[in-house]
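Per TrEMBL, the features are:
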type: TRANSMEM; residues: B:12-30; note: transmembrane segment
type: TRANSMEM; residues: B:50-67; note: transmembrane segment
type: TRANSMEM; residues: B:74-91; note: transmembrane segment
type: TRANSMEM; residues: B:97-116; note: transmembrane segment
type: TRANSMEM; residues: B:123-140; note: transmembrane segment
type: TRANSMEM; residues: B:160-182; note: transmembrane segment
type: TRANSMEM; residues: B:213-234; note: transmembrane segment
type: TRANSMEM; residues: B:246-263; note: transmembrane segment
type: TRANSMEM; residues: B:270-289; note: transmembrane segment
type: TRANSMEM; residues: B:295-316; note: transmembrane segment
Amino acid sequence: MSDTTTARIAGRMPGFLRRADPAVATAFACIILLLVFGSLYSTSFLSPEYLLQQLKVASFLGVIASGMMLVILLGQIDLSVPWVVAVGAMMACAAAAHGTAGMVLAIPFGIACGVLIGLVNGIGVAYLRIPSMIITLATNAVAQGLMVVHTGGFSPQDSASAAMRWLATGFLLPGVPNAVVVWAIVGAAMVFVLTRTTFGRAVYAIGNRERAAYLSGVDTRRIVMIAFAVSGGLSAFGGVLLAGYASKAAQAMGDAYLLPAIAAVVLGGTSILGGRGSYLGTVAGVILITLLQSILSVMQMPEAGRQVIYGVVIIGMLLLYGRAPASR
Amino acid sequence: MKDWRYWAAEQRGTLLALGIFVAMFILYTANHPAGLTANVVQTASNKGVLLAFVAMAQTLVVITAGIDLSVGMIFILTNCLASWLVVGTPMETAFGVAAVLMVGILCGAINGAIVIYGRLQPIVTTIATGAVYFGIALMLRPFPGGSVNEDLADALTGRLFGLVPASLVTLVAVVLVIWIPFRRSVTGRAAYAAGSSDVAAYMSGVPIRRAKFVAYTLGGLLASIGGLFLTFFTYTGEAALASGNAYTLFSIAAVVLGGVSLFGGKGSAIGAIFGAFAFRTIGDLLFVFDFDPLWQPLFQGVVLLVAVSIGAFALFRVKNRLEWFG
């Protein structure tokens, strides 16, 4: 990356209200296009019930993508999402099978397991300087191995606790699913952390140039480690919500979330090289991906076609505004 | 004497991988109920060769400091394609093999073109193209099935002269035809140069773009050879997501075990082949020691985790803390 570009990027710190990011605008434009296209296909597409349902489905991806965004802002990536989601779901369900105390502790326990895996990732990336892609692939494999041993390779029999089900499918506010409320809370916390705390500033700084952040007195390794732990925790939380939604955990339930999570973050204008991006963009990306999935399933597109379309859409969007600078 | 030392230093990773493999293989055969028979070697070689091809494909890309997370999917896609095309008369079979290899080359070239000319990150690019390749594989084979020319399959997975596994001979032939010429060519050297320092190579006028493009393309070709062999072993095509992901993951493990640096510019495909054999043998050790097969995924994951963590020891040699941040 050339120095001039870096300087230009560094000058543009978060604060999505200050200036509308073209990428975020594009993402929102695509959402509107999809809605128009969908309403031509089916008249029920614009009904409030359908849209709320979409928002509810989006909130699972939204929680997972929040963690992914934090890591991508650092210029790293977290490929351990699939099995951390499954670990969160399975461990929460397993805890729920252990009496009243287990019921109460199910959700924190599931999240704690995710944080633990995230910590391993973070220590590997920050202190051992292992490329994040490699260490997260390795912890993903280990998490898968642990879950295979735990479940015996079968679908786990434990079911989700009442609290988990309520969190994913209940209605605290009339008309608004709890999952959407959860996502709103996670999102608000992310916006606060990214724009109003030193931690958030440090994340952007490290994403731009870790060396410079280190020389400015930021304990970059601690920040990176915490970011990975948060990402693991949020992935596991997403798993807990999914388990509550389906009322049980399943093998490979997280496989369908890795690519969409990365896609949502990247389509929302967060630079894959780190240091640039806003949470609003991620929200747009998540909704965009969910709507795309929904339209493809309404059109009864088979899984194969969906995979191809995802891949092509991601590459296409990235080619539009995710390219690295040319000169060096 | 001095030449010998240089050679040993350059090949340290490869020799280490060879050592690990030999040690593991001795441990394996010593505890195998049947002992060291031609059959045991043939089975081990057939399993190892599959991963070896995919690991070679990964090596070519990793040498340029890139990564190809779609190798497993190219492997699966070409497997599904081969289960349609590699059938019938010898002529049709030959045409089918050529078509499968062309598709492999095309997949690799698409990866390369997007990464180099589209200037996107290899990780995200290959995850996305991997999804596309897997989708196409799933279109070709929504359900496992298909067939393959069994004469060819049996010839390539059997034994030559009743002793040498034919798959091993093919692997050696591929090394001689693809890897050695690549390694010795200007393009191959440029790939190493691009991997060790992109900027320096660019400033020296090394053709880094062409080198990277060739590396990705040959990677696709090697992965498709692996896909062909998978078809020869199983006689069917199957679009299995888990299998594709596993091969991508194992290829990285094999590359690391084989002494290829993930930061690029260091290592050789031959090391990766031994790494692949070693990784396969380590995985199979569980069987000869009568462990529950359920533990195998965990065991392989831990081996991978330990293997990638070993590279961290280089940190202790760092004198200037700023080098942490590369």
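Heads up, the Cβ atoms here are built off N, Cα and C, so glycines get one too.
Among the listed stretches B:74-91, B:160-182, B:213-234, B:246-263, the one sharing the most Cβ pairs under 8 Å with the transmembrane segment (B:123-140) is B:74-91.
Below 8 angstroms of C-beta separation, residues 74-75, 108, 115, 122-123, 126, 171, 174-175, 179, 182, 191-192, 194-196, 198, 208, 211-212, 215-216, 218-223, 225-226, 229-230, 233, 247-248, 250-252, 254-255, 258, 260-269, 271-273, 275-277, 279-280 of the same chain, each at least six residues beyond the ends of the transmembrane segment (B:50-67), sit close to that stretch.
Looking at B:12-30, B:74-91, B:160-182, the range that has the most CB pairs within less than 8 A of the transmembrane segment (B:246-263) turns out to be B:12-30. Most Cβ pairs within less than 8 Å of the transmembrane segment (B:213-234), among stretches B:74-91, B:97-116, B:270-289, belong to B:97-116.
Away from its own ends, the transmembrane segment (B:12-30) comes close to residues 36, 40, 44, 257-260, 266-268, 270-272, 274-275, 277-278, 281-282, 284-285, 288 of its chain (Cβ-Cβ under 8 Å, at least six residues beyond either end).
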